[in-house]
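Visitor: Pulled the feature table from Swiss-Prot, pasting it below:
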DOMAIN    85-778  domain 'Myosin motor'
BINDING   GLY178, GLU179, SER180, GLY181, ALA182, GLY183, LYS184, THR185  ATP binding site
MOD_RES   THR378  phosphothreonine
REGION    655-677  region 'Actin-binding'
REGION    757-771  region 'Actin-binding'
DOMAIN    781-810  domain 'IQ'
MOD_RES   THR1282  phosphothreonine
MOD_RES   TYR1308  phosphotyrosine
MOD_RES   THR1309  phosphothreonine
MOD_RES   THR1513  phosphothreonine
REGION    1915-1935  region 'Disordered'
COMPBIAS  1923-1935  compositional bias 'Basic and acidic residues'
Amino acid sequence: MADAEMAAFGAAAPFLRKSEKERLEAQTRPFDLKKDVFVPDDKEEFVKAKIVSREGGKVTAETENGKTVTVKEDQVMQQNPPKFDKIEDMAMLTFLHEPAVLYNLKERYASWMIYTYSGLFCVTVNPYKWLPVYNAEVVAAYRGKKRSEAPPHIFSISDNAYQYMLTDRENQSILITGESGAGKTVNTKRVIQYFAVIAAIGDRSKKDQTPGKGTLEDQIIQANPALEAFGNAKTVRNDNSSRFGKFIRIHFGATGKLASADIETYLLEKSRVIFQLKAERDYHIFYQILSNKKPELLDMLLITNNPYDYAFISQGETTVASIDDSEELMATDSAFDVLGFTPEEKNSIYKLTGAIMHFGNMKFKQKQREEQAEPDGTEEADKSAYLMGLNSADLLKGLCHPRVKVGNEYVTKGQNVQQVSYAIGALAKSVYEKMFNWMVTRINATLETKQPRQYFIGVLDIAGFEIFDFNSFEQLCINFTNEKLQQFFNHHMFVLEQEEYKKEGIEWTFIDFGMDLQACIDLIEKPMGIMSILEEECMFPKATDMTFKAKLYDNHLGKSNNFQKPRNVKGKQEAHFSLVHYAGTVDYNILGWLQKNKDPLNETVVGLYQKSSLKLLSNLFANYAGADAPADKGKGKAKKGSSFQTVSALHRENLNKLMTNLRSTHPHFVRCIIPNETKSPGVMDNPLVMHQLRCNGVLEGIRICRKGFPNRILYGDFRQRYRILNPAAIPEGQFIDSRKGAEKLLGSLDIDHNQYKFGHTKVFFKAGLLGLLEEMRDERLSRIITRIQAQSRGVLSRMEFKKLLERRDSLLIIQWNIRAFMGVKNWPWMKLYFKIKPLLKSAETEKEMATMKEEFGRVKDALEKSEARRKELEEKMVSLLQEKNDLQLQVQAEQDNLADAEERCDQLIKNKIQLEAKVKEMTERLEDEEEMNAELTAKKRKLEDECSELKRDIDDLELTLAKVEKEKHATENKVKNLTEEMAGLDEIIVKLTKEKKALQEAHQQALDDLQAEEDKVNTLTKAKVKLEQQVDDLEGSLEQEKKVRMDLERAKRKLEGDLKLTQESIMDLENDKQQLDERLKKKDFELNALNARIEDEQALGSQLQKKLKELQARIEELEEELEAERTARAKVEKLRSDLSRELEEISERLEEAGGATSVQIEMNKKREAEFQKMRRDLEEATLQHEATAAALRKKHADSVAELGEQIDNLQRVKQKLEKEKSEFKLELDDVTSNMEQIIKAKANLEKMCRTLEDQMNEHRSKAEETQRSVNDLTSQRAKLQTENGELSRQLDEKEALISQLTRGKLTYTQQLEDLKRQLEEEVKAKNALAHALQSARHDCDLLREQYEEETEAKAELQRVLSKANSEVAQWRTKYETDAIQRTEELEEAKKKLAQRLQDAEEAVEAVNAKCSSLEKTKHRLQNEIEDLMVDVERSNAAAAALDKKQRNFDKILAEWKQKYEESQSELESSQKEARSLSTELFKLKNAYEESLEHLETFKRENKNLQEEISDLTEQLGSTGKSIHELEKIRKQLEAEKLELQSALEEAEASLEHEEGKILRAQLEFNQIKAEIERKLAEKDEEMEQAKRNHLRMVDSLQTSLDAETRSRNEALRVKKKMEGDLNEMEIQLSHANRMAAEAQKQVKSLQSLLKDTQIQLDDAVRANDDLKENIAIVERRNNLLQAELEELRAVVEQTERSRKLAEQELIETSERVQLLHSQNTSLINQKKKMDADLSQLQTEVEEAVQECRNAEEKAKKAITDAAMMAEELKKEQDTSAHLERMKKNMEQTIKDLQHRLDEAEQIALKGGKKQLQKLEARVRELENELEAEQKRNAESVKGMRKSERRIKELTYQTEEDRKNLLRLQDLVDKLQLKVKAYKRQAEEAEEQANTNLSKFRKVQHELDEAEERADIAESQVNKLRAKSRDIGAKGLNEE
């Protein structure tokens, strides 16, 4: 399907099929068939790899991720070529194996293509996300499409089922299976949705619907939410898991419209009603009711909205994130309404649901001094009784004191609390189950319409195969169901394969793969199978689960390959037997099976239910009749038997009904896959998917496919694709049939010719051959393409070379012409020629222009005519094309109708022929059967009489023999069990081993005696003499049967002769058919050729249309050019007239001027050349236009005529060919139907022969039953011991994990402390920076004050200057008045002024110098402010780093929390394992107790043997000799029995001693367990405390971080303020500079007038000196601040160095921690070594047991050995006492070490307290491990030498531990030294801080002194100013 066709699917197209671009990319991907392979992988199951080398049966390959692996050659599997990537049907893969299937699914899943075909299967993978592949657009696109026409989809499966139902008139079924959470329920909904859309019954259903109800489509769809509410629940894998299976039948009418529907359910998980796992929850309806969406429900049911108030529904989770319970309640309620439930029915359902919740809250207590239960409060009982319509007192009485029928009387029975609780649970489960089944029945009644129904499609949604760690009765039922379904699939699949091969004429031996699973099915369901034995045990009152197990072992262990004894693994639930299913071996635990199968109820309460006032409840239990139901006269017995139906029998009955339904349908298979267990979209867990593919039969289907020919291609396609491999085999010119061509082609290739077969229409390939052909094709294509590329490159190079040569020749010609022109262009004659030439043609141009005008007019008229003609032709062509399209559509429709009619006709003819053949065959068979029946009935009657007598006699004998053999087997099994238990005792004490030998020898003697007795019993064969006569009679009857068989064989030979004749006729028919096929293929070939010609003509027509359009465009361009030509011509005309005028003027001028015409001649030449060029262009355009128009007219007319003729011819030929085709098809159908009829007759005859042979084989097999027994005691013991070692290893690993987690916790706490310390250092650095900022701020304030003083001084100078100016003005006026008088005085004053002026200039220079110094001070202050800004930025960076550290710390804290939670889970798992170990210990104790019981049973068996011997003596009383011999044997047996009893008593005494040891070991184990739990609690408390501390630290860090951010913001604000102040100061300083410059100018202008201002100038000089002093003071202050800043920087550097030192010390401590870790690992390794020694001891024990078994022949010396064993026992007791003393000494040593550790802890309490606590905890762990090892070793010591060696090893271990403790002590000392060094560093830092503080105080004191001096100087300055003012005033006054 191309991309254009996929557009019909809309947005779903990319999720259904690869695009063409992807397919092309996949085909061009590099691939090497010989090197690209799959190799096995531990994690990913299989990985892609490339083979590097092969040698010696091994393959070295490099995987995709670069890893090199070496595997066996048979483990390597080839990859498929790229054309098979993401293939839609995996059955078409050329290499069909597990990795190919897995990777195809994985790659499709990665592209979100979740549906894939695998032969008959449709495999769907759960996407865990919404995909747009289910909308109405997709439904419409799949409707009516065949499977091969559309991508894989559940809609395609549904539509194919629907179409098959309509065409084949056969019921269909869709089987949807898979694990929980794989998407079964969703796909079932989609199937129902599809049928509801495409097969809606229309308006009629809407008219007929009842008010309040929905349409039938709505009801079918709404049945799902109603059933989901009561049958779905949350599980670990799936939030909406269906806990029941269902088979939904959707019935259709004859026209394919919906008629009705019904539902059948299977295996509702009713145990979920009262019990749920921790991560699961109960059925949805309970939580929907409690959602409070309908408060009236809560009031009606007397419940709250809290699920935890009800015990039954609150054992797991109560909410699900993906489910809105309130909305679901409304959906359920509306579904009830749509389904037509009455309000009374709805309320009854809700009431029973609420009553079940109240049932779970009913409490009972034990009566004092009685084993009798009584109610503990009646409130919940009252509520539940009210809701159920019962009396509360009667309910409680029925629960606590039920009535039981004993004989013909009823007796009241007392119940204890446990029995009452069980009864309540059983009643709740039964009520819920019956209510659910009633709902299904009620829904079926609603969906049952009165409309006629013809066919149905069944949808089966059932759980897939289940293999859990704990498999019980429910898993057996589910797996049995899947086994039957898989057998059904296998049989169906291979029947289809068989039909395909038969249809294609492939020789094939029929293999019924369905029989592969028959052994397992028979083992479960046949008489004396598992189900049968279970039901038989349920009939016996004293039967238990163990008796059921014993019966299973007796009947099947060793007799059936599918029944095995399981290998119990420690840590997992015990398994009792294993079954080999098709999906794998499953271990089953049988605990509680009898109870589950019987499913008993309290019949007193059931009687109350039957009388309930709640109508629904009484109806649910109306037909219930328990085991105690009264008999109704003569029919009571039958009624009782029929009512007591077990769960297994009911399940088998339902399953048989289901299989009957499925066998009557045409099945379709859907397998749902769960990709991963984390519900992650797009992620595929390879091992999980492979497990499911095995379980759901996909790989089984592949196995069946590989047996046959999985790849098949039509001959035509094969020839087209692979002809390139050998083109000579199929010549191009001549016609060769596709089949013959394929045969020639394959015969010419170098391949294995047994790997393919030729059918009638297809060639069939074995797996792998198609991939080889693809590789050969790729190699051939690469060679051809390489050759084409080489030739193409050669042609292109030659063309390029030719162009270069032509270019060179052209250049040479141009060069020659240019050289010639350059040689003659300056000749005078040439110049004259150039001038005169244009003037000669002016007259000719006028004539030419006139002719051109005329021609132009004619061309224009012709063009208009051609345009009109062209338009007419275009209109005709459009109409012809429309007619052609209409004809094509009509032909297509007629072809479709004809094909449909042909198909229907063929089908009807086939059906008719088949029915006629069947009728004929049946009549013939009926006649034969009647004849045979007449002959056989007489013989049968005679034989039946004889056989009945013989059977009675044989049955009696077989019963007696079976009884004897059964008792013998029971005795043997019990003796085996006894020997097994004796062997277990031998492992503990050697004495018991020898006793066991003696017992076994005695037992062997008993067996020998029994064998002798059996030999004697054989004398009874004399009694069979009478039977031999009867056997002779039977042989006579057998002879008669043989005669009958001979008759049958004669009939068979006759039929074979007929068959040969029919085969010959078939061969003739086949030859005729082949001839007809060849004729038909020739006609098809001619038809294809004609179709190709039609397509070519259509393509030619389209090309002509394109050319017409191009010509039209060209005509338009020509018209535009013509228009441009007209304009150009007008311009030329105008130019010509202008030129003519100019020519006249020029001629006049020439006449006047004479020879001055050279310029005019050149102009005339140019114009003439232009005119000639334009005329040539116009002529060319006109000619070209006329030629194209004529060609177009001619071509158009020819093409139209030709197309019309071709269409007519093609239509006639097509009609003729279609007639011939239909005739040939009819003939071919007749021939094929005849052939099929003959083949079917042959198959039926062969089937009859096979059935007769099978019957004979069954008769023979019944007479050939054998016994098999296998003793697997040794393997079981080895398993147990390996499991024990495995568990101990797991315990060690868990302990190592705990220690690792504690170490991780310690490292995280250390990291937290380091982070805290770093944070404190950063805070200190921040404080230092803040202090520096504050000092800088203070300096800035001082500068501001200084600046204000300077401005005041400047203002004062300004005032002085203005005063001086006024004085100068006064002096000027005074000078003008007194000028004459004081000239001499002025001269002197002038000199003085000059002197003063010089002084003033000096003063101004001094002021300027002062200004420059102030400028320098300003720059220096600016630099300091910049430095402060850098410091501020650094503090900001530090704050950012702190933020980053805070985030990192948060991450670390989150990781630590996660690890803490993981450690918590690990602790819980370790606690669980400890509990499992305790249960194992109790099991061991129980095993010992069972051994005692077995000893007692052995005694009983001896007694039974004695009784059996006595019975035998009574039976053989006829012969006195045998009685005498039996008497002797009895005496011998009694003597041996006494010996055995004495030996057993001794063994019992030793067992009691060992029991005491076990009790002591148990007490020690309990102590260890209590110690572990206490330590775990302490660890929990420590972790909680650490968690709280870390949270507090996080809070404190958060607050400090907030403070840091606030301080940073404050610093930024201050910085901005300082920048603003600095800018203002700069502005003021510049203003002051300008003012000083103006003042200087004024001073210069007033130099002559400063005589009187000298005093003021002196004052100004003094003020200037004061200012200098002030500046010096400020500079000193600034220097002091600078020094202080430098000191602070040094302090920061010192703290940085100390931080680095601390980090270095942290690294050293981490290295020490690693050293401790390595020491811990060495201790763990030593522990593992001790475990290895323990396993060695166990192997030695096993060897000893083997030796004991080999020594069984020496059992006669048991009594003498017993005394020796007693002595050895005393020695062993002495040895154990010695070991006990050694243990006490070692415990004392450990206590001393503990004391030393305590002292070390007190010494290092201050510095390394935490480390010591860790070390102390580790020491305690080591002590516990040491004690545990000592106890285990003390118990496992077997013999003196082994014990001594073990003690030596323990002492060596103790010395090693002591050394390790000494190392730990050294580490503690080092840590103490480290703590002291830390203390010294802290003291040094404190001293440094004190010195810095004293320096700061000193600087502060100096600052205060400087400020005081400044104040003094300022006061002096003020005094001097005042004094100067006074002096100035006095001077003025004096003057």
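Glycine is no exception: its Cβ is also placed from the backbone N, Cα and C atoms.
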Visitor: Which whole number is the mean pLDDT over the domain 'Myosin motor' (85-778)?
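Guide: Result for the domain 'Myosin motor' (85-778): average pLDDT 85.
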Visitor: Express the distance between the Cα positions of SER180 (ATP binding site) and TYR1308 (phosphotyrosine) as a whole number of Å.
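Guide: Cα-Cα, rounded: 41 Å.
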Visitor: Below 8 Å Cβ to Cβ and six or more residues apart, same chain only. Which residues does that give for GLY178 (ATP binding site)?
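Guide: Looking at Cβ-Cβ distances below 8 Å from GLY178 (ATP binding site), excluding near sequence neighbours, one finds LYS184, ALA463, GLY464, ARG671, CYS672, ILE673, ILE674, GLN692, ASN696.
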Visitor: Run through the region 'Actin-binding' (757-771) and tell me, per DSSP, how many residues are helix, strand and coil.
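Guide: Helix (H, G, I), strand (E, B), coil: 3 helix, 6 strand, 6 coil.
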Visitor: Which of SER180, THR185 has the fewest nearby Cβ atoms, counting only those within 10 Å, among these binding-site residues?
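Guide: Looking at the binding-site residues SER180, THR185, the Cβ with the fewest others within 10 Å is that of SER180.
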Visitor: Could you tell me how many residues in the region 'Actin-binding' (655-677) are helical, how many are strand and how many are coil under DSSP?
Guide: 9 helix, 8 strand, 6 coil
Visitor: Which residues, same chain and not among GLY178, GLU179, SER180, GLY181, ALA182, GLY183, LYS184, THR185, have a CB within 8 angstroms of the centroid of the CB atoms at the recorded ATP site?
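Guide: Residues close to the ATP site, other than GLY178, GLU179, SER180, GLY181, ALA182, GLY183, LYS184, THR185: ASN126, ASN238, SER241, GLY464, CYS672, ILE674.
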Visitor: With DSSP as the reference, give the number of residues of the domain 'IQ' (781-810) in helix, strand and coil.
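Guide: Tallying H, G and I as helix, E and B as strand, the rest coil: 30 helix, 0 strand, 0 coil.
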Visitor: Between GLY181 (ATP binding site) and TYR1308 (phosphotyrosine), what C-alpha distance do you get in Å?
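Guide: Roughly 40 Å, rounded to the nearest whole number.
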Visitor: C-alpha of GLY183 (ATP binding site) to C-alpha of TYR1308 (phosphotyrosine): distance in Å?
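Guide: Checking the Cα atoms of GLY183 (ATP binding site) and TYR1308 (phosphotyrosine) gives a distance of 44 Å.
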Visitor: Which secondary structure state does DSSP assign to GLY178 (ATP binding site), in the simple three-class scheme?
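Guide: Reduced to three states, the DSSP call for GLY178 (ATP binding site) is strand.
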Visitor: Measuring Cα to Cα, how many Å separate THR378 (phosphothreonine) from THR185 (ATP binding site)?
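Guide: Distance between the two Cα atoms comes out at 42 Å.
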Visitor: Across all protein chains in the structure, which of the binding-site residues GLY181, GLY183 has the highest Cβ count within 10 Å?
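Guide: Buried the deepest by this measure is GLY183.
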Visitor: To the nearest Å, how far is the Cα of ALA182 (ATP binding site) from the Cα of TYR1308 (phosphotyrosine)?
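Guide: Rounded to a whole number, the Cα-Cα distance is 42 Å.
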Visitor: Compute the C-alpha separation of the residue listed as 'phosphotyrosine' from THR185 (ATP binding site), stating it in Å without decimals.
Guide: 48
Visitor: Tally every other Cβ atom lying within 10 Å of the Cβ atom of TYR1308 (phosphotyrosine).
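Guide: Its Cβ shell of radius 10 Å holds 19 other Cβ atoms.
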Visitor: Are there any residues at least 6 positions away along the chain from GLU179 (ATP binding site) with a Cβ closer than 8 Å to its Cβ? List them or say none.
Guide: ARG237, ALA463, GLY464, GLU466, CYS672, ILE674, GLN692, CYS695
